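Student: Annotations for this protein, taken from Swiss-Prot, read as follows:
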type    : residues                                                       : note
BINDING : Thr225, Ala226, Glu227, Glu279, Thr380                         : L-serine binding site
BINDING : Arg256, Ser257, Glu258, Val272, Glu345, Thr346, His347, Ser348 : ATP binding site
Amino acid sequence: MVDLKRLRQEPEVFHRAIREKGVALDLEALLALDQEVQELKKRLQEVQTERNQVAKRVPKAPPEEKEALIARGRALGEEAKRLEEALREKEAQLEALLLQVPLPPWPGAPVGGEEANREIKRVGSPPEFSFPPLDHVALMEKNGWWEPRISQVSGSRSYALKGDLALYELALLRFAMDFMARRGFLPMTLPSYAREKAFLGTGHFPAYRDQVWAIAETDLYLTGTAEVVLNALHSGEILPYEALPLRYAGYAPAFRSEAGSFGKDVRGLMRVHQFHKVEQYVLTEASLEASDRAFQELLENAEEILRLLELPYRLVEVATGDMGPGKWRQVDVEVYLPSEGRYRETHSCSALLDWQARRANLRYRDPEGRVRYAYTLNNTALATPRILAMLLENHQLQDGRVRVPKALVPYMGKEVLEPCG
């Protein structure tokens, strides 16, 4: 959510943000509704003031005036009730619209849709094989590393790993948590579900509600990232300045409906309904300098993880129309997938300034004693099984086995993934 005061003072800034981010929102209608709310508040205050004045006059009024004053007080009470009901309705409408207002993006963001995304860095080179390489599905089938019957049990976009590959997935998650702990982040294991308020706080609702599964007969929804829970942990609190920045590494199984992705990545591990994710989350003081420092830290963490996994990757500056309504800046990290001959996203590093904090009521007391909204940031540390597809394809050997990166050998106790059986 944006600062309503700033929205009133600089509507042209938000008109541009709406246009550049491709948000379907009538800002003039929102501002007109805001004016209605202000006028209703003013009129309600006037009515309440007059009603109080009338109530004070009644006990001292002469008999011939008392009945009229009582009638006037009753009429003012009825008018106040009508105004309060109208105000509640208009404020609810205004809040629903304010939830849709995008945060203006940083000046360095390319303007446009996905086609305007710009590569800003490339590390490592795609592998060169002396043999015909296999894709990750063929490698799993050759080595007996996945269970094809799982679709009969759990439907499409499900997966079940076996043998060394099952252990490899678990090793990767522990590796990521250990890495984040060494970087000073607090490791946390978290639930995979939350109430609607938490999704509103991150901005997943209302914009991405179709990607979220509701748990029947409850007020809970399955999360697609630990960010949802982490962002809600301190909702309503006023944190001491000395506690900032908060730096969390949250692990939770994640779920996405993949609505709208019909026909995309239907084979293998690239797009599944349930996956596992270690998420980086930072809450900082409200300054661009602090946010920029945290952004670079989150990005460097992701890069170092990929270097340790010995994977070729690139960084992409995400354009305004592709970054989402709440983002100030977003840089995607993409890893090379040999079977497709292109880079695929594995991480999204995002700075959201106070957009989430206003929605989730995340505040702190600054050194001058003022209560302010914090800034939030997040980035993936590691998500499986997508990263497994990259590891299998980039590290495959001629005999179909797969090499284990040096950083993972202590976790696996071996240098090569062996076939099942």
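Glycine residues also receive a Cβ, built from the backbone N, Cα and C atoms like all the rest.
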Student: Out of Thr225, Ser348, which of the binding-site residues is least crowded by other Cβ atoms within 10 Å?
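Tutor: Ser348, out of the binding-site residues Thr225, Ser348, has the fewest neighbouring Cβ atoms within 10 Å.
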Student: Mind giving me a neighbour count for Ser257 (ATP binding site)? Other Cβ atoms within 10 Å of its Cβ, every protein chain shown.
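Tutor: Within a 10 Å radius of the Cβ of Ser257 (ATP binding site) lie 17 other Cβ atoms.
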Student: For each of Glu258, Glu279, Glu345, count the other CB atoms within 10 A of its CB; which of these binding-site residues has the top count?
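Tutor: Max Cβ neighbours within 10 Å, all protein chains included: Glu279.
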Student: As a test of the contact definition, list every same-chain residue at least 6 positions from Thr346 (ATP binding site) whose Cβ is closer than 8 Å to its Cβ.
Tutor: Leu306, Tyr313, Val333, Glu334, Val335, Thr380, Ala383, Arg386, Ile387, Met390
Student: Please compare the binding-site residues Ala226, Arg256, His347 by how many other CB atoms fall within 10 Å of each one's CB, and tell me which has the fewest.
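Tutor: Fewest other Cβ atoms within 10 Å, among the binding-site residues Ala226, Arg256, His347, is found for Arg256.
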Student: Considering only the binding-site residues Thr225, Ala226, Glu227, Glu279, which residue has the minimal Cα-Cα separation from Ser257 (ATP binding site)?
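Tutor: Considering only the listed binding-site residues, the nearest one is Thr225.
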Student: Whole-number Å only: compute the distance from the Cα of Glu227 (L-serine binding site) to the Cα of Ser348 (ATP binding site).
Tutor: 12
Student: Just to verify: the residue among Glu227, Thr380 with the fewest other Cβ atoms within 10 Å, which of the binding-site residues is it?
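Tutor: Across Glu227, Thr380, these binding-site residues, the one with fewest Cβ atoms within 10 Å is Thr380.
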Student: Can you grab the distance from Arg256 (ATP binding site) over to Glu279 (L-serine binding site)? Cα atoms, rounded to a whole Å.
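Tutor: Cα of Arg256 (ATP binding site) to Cα of Glu279 (L-serine binding site) measures 16 Å after rounding.
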Student: From the Cα of Val272 (ATP binding site) across to the Cα of Glu279 (L-serine binding site), what is the distance in angstrom?
Tutor: 18
Student: Within 8 Å of the centroid of the Cβ atoms of Thr225, Ala226, Glu227, Glu279, Thr380, which other residues of that chain place their own Cβ, given that this set defines the recorded L-serine site?
Tutor: Val228, Leu230, Gly250, Ala252, Ala254, Lys277, Val278, Gln280, Tyr281, Asn378
Student: Might you list, by sequence position, any residue in that chain lying six or more from Val272 (ATP binding site) with a Cβ less than 8 Å away from its Cβ?
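Tutor: Expected: Arg157, Ser158, Tyr159, Pro385.
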Student: When DSSP is mapped onto helix/strand/coil, what comes out for Glu227 (L-serine binding site)?
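Tutor: Glu227 (L-serine binding site) sits in a helix per DSSP.
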